[in-house]
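K.L.:
Here it is, the structure in full.
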Amino acid sequence: MFSSNAHSFMFSCELYPQCKSGIGGWSSGSDFSASQRRRSAPSRVTCCASTSSSGKTHGGFLMEEEASGTSTIAGGGVRDVYGEDRATEDQGVTPWNVSVSCGYTLLRDPHFNKGLAFNDKERDSHYLRGLIPPSVLSQETQVKKMIQHIRQYEVPLHKFVAMMDLQGRNERLFYRLLLDHVEELLPVVYTPTVGEACQKYGNIFMSPQGLYISLKDKGRILEVLRNWPERNIQVIVVTDGERILGLGDLGCQGMGIPVGKLSLYTALGGVRPSSCLPITIDVGTNNENLLNEEFYIGLRQKRATGQEYADLLQEFMNAVKQNYGEKILVQFEDFANHNAFDLLEKYRSTHLVFNDDIQGTASVVLAGLIAALKLVGGDLPDHKFLFLGAGEAGTGIAELIALETSKRTNLPVEEMRKNIWLVDSKGLIVDSRKESLQHFKKPWAHEHEPVEELVDAINDIKPTVLIGTSGRGRTFTKEVIEAMASLNEKPIILSLSNPTSQSECTAEEAYTWSQGRAIFASGSPFDPVEYDGKVFMPGQSNNAYIFPGFGLGLIMSGTIRVHDDLLLAAAQALASQVAEEDYDKGLIYPPFSNIRKISAHIAAKVAAKAYELGLATNIPQPKDLMKFAESSMYTPAYRDYR
């Protein structure tokens, strides 16, 4: 079938039953002559159109067999099937072709390429014989080979590039490798390595991944969306690159974040890769280094703000719903605070939107806190929380904690907020600062004297839980950790900022300065720590625990809006997956080795809550949502080709 906005077209074998294998080659029953069937694999119908200055089109549809004569043409060689030699320099050449999916076409298609795993029958029916070495390797052998290849690189960024190269060549092998070695490769394809990849995206950029929408596309965003080759999109992850992890404004180079997130949607949550669309909205950058960088790939201008920015985002959101429907999930990623809250608030009632920095982080942290109760005792309302950082992550986590404690106590959320304190760059957020605070900080301004230093806030507030979301590395100093340890037998310390360089403290610092008593988790992974003869396994409060399963739950239930109760359901589902052996190691999160089971469990609980709230549209509700979630998951095993 032809698509008017694609530059390379292939026959659909469902439309052309004369294709002998279902993908390549013509059967003897077709209308083609014997001479035309003789070389049916490489046969290509070529549109060799070139337009002269008079407007006349030269060329037409030709079979390559007809073009295989020895007639002399301008430029020499075989007949000019593309019309390039017949066109003068001022004439445009149309590079269109229509071919069956076989031979080099098949090998170069990452969706269907299997490398050396094509068996003998497939090599014959799809005209691959001679194009690849004769050895046949199983996918398991390929995975073994690729992990050895990845491990030979010592620099994490080199491993990242190798993984992206594999994704662009062999999609199923990429996801099989990632799923089989998830604990080893998760830090490679996502945080912390993805942060460096975004910083150097212009240098490592080889082929486009995802869709780029810029200010130049204003008024044409729907047309741009329709340029994407896949039509059945279920999840969009979008960023404007203004606040990439803790690294600041990386502009168009923030594309690494949507690409990485959607890789995890597939590998960890089982969402089909063909239904995922990464998007970067390029409105410029205020990063002077990028604007002066020779290889920067984005718009070289200062960021658009105000009405110009709002109008572009409005057009984008309208176009997304028009093109993909009511149930398309749009996940906002790494927008700056002032836009992140406004976008979520503006579109949460009209679109299926989810901000992972605000809501996903909140859900995964709440899960860790619920699990930690088994180690420290008490219930959530019995604890007092102090945050360093009052941006998207900090206020999002704080609000979800307040919602959960409100449900547990049947008391108003406003009352529960009084147990939660936040420190920003100017010190403790208190009532006397209320007039100068951003709107999302105001609910956390409590009656107290101004306090500038974190350690003084700890001594005054006496928290049982310290949470870092500041994006500033090494701010949980020895004095801070010792203050927490002096107040609590088992202080809960969560150092959540990414990447590793921005973490408020390391695992070793947390365990050493607390004399091995801290319950610790971080945003980026840390190695095990030995202290006083005991080995401590630091947990990772990684959003990848939540958003893949959360998204799967929304998709499989046909949910049309995200309600806060769905986030609470996800947090409770994740906390329930922490086993006794995990608690024995001091962990408050389950191992990533079980992530597919964890994601299915989260998806089932989220879907169940969506049905309960009347937000699900896929009727009737499946009887066993856990089994339905598992059966809905994409499997990266190779398929046999007819």
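The backbone N, Cα and C atoms fix where each Cβ goes, glycine too.
Okay, so TrEMBL annotates it like this:
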{"type": "ACT_SITE", "residues": "Y190", "note": "active site, proton donor"}
{"type": "ACT_SITE", "residues": "K261", "note": "active site, proton acceptor"}
{"type": "BINDING", "residues": "R243, N498, N542", "note": "(S)-malate binding site"}
{"type": "BINDING", "residues": "E333, D334, D357", "note": "divalent metal cation binding site"}
{"type": "DOMAIN", "residues": "167-348", "note": "domain 'Malic enzyme N-terminal'"}
{"type": "DOMAIN", "residues": "358-611", "note": "domain 'Malic enzyme NAD-binding'"}
K.L.:
Pick the one among the recorded positions R243, K261 whose Cβ has the fewest other Cβ atoms within 10 Å in this structure.
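P.N.:
Among the recorded positions R243, K261, the lowest count of other Cβ atoms within 10 Å belongs to R243.
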K.L.:
Quick one: give me the count of other CB atoms within 10 A of the CB of D334 (divalent metal cation binding site).
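P.N.:
Here the count is 26.
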K.L.:
Which residues, sitting 6 or more apart from the residue listed as 'active site, proton donor' on the same chain, put a CB under 8 Å from its CB?
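P.N.:
Expected: G260, K261, S263, L264, A544.
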K.L.:
Across all protein chains in the structure, which of the binding-site residues E333, D357 has the highest Cβ count within 10 Å?
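P.N.:
Answer by Cβ density within 10 Å: E333.
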K.L.:
If you count Cβ atoms within 10 Å of the Cβ of N542 ((S)-malate binding site), leaving out that atom itself, what do you get?
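P.N.:
For N542 ((S)-malate binding site), the 10 Å Cβ neighbour count is 25.
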K.L.:
Give me the non-local Cβ neighbours of N498 ((S)-malate binding site): same chain, 6+ apart in sequence, Cβ-Cβ under 8 Å, ordered along the sequence.
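P.N.:
Set apart from N498 ((S)-malate binding site) by at least 6 residues yet with Cβ under 8 Å, we have T191, P192, G195, L245, G246, G523, S524.
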K.L.:
How does the model score the domain 'Malic enzyme N-terminal' (167-348) in terms of mean pLDDT?
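P.N.:
Taking every residue of the domain 'Malic enzyme N-terminal' (167-348) together, the mean pLDDT is 94.
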K.L.:
Calculate the distance in Å between the alpha carbons (Cα) of D334 (divalent metal cation binding site) and N542 ((S)-malate binding site), and round it to a whole number.
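P.N.:
Distance between the two Cα atoms comes out at 15 Å.
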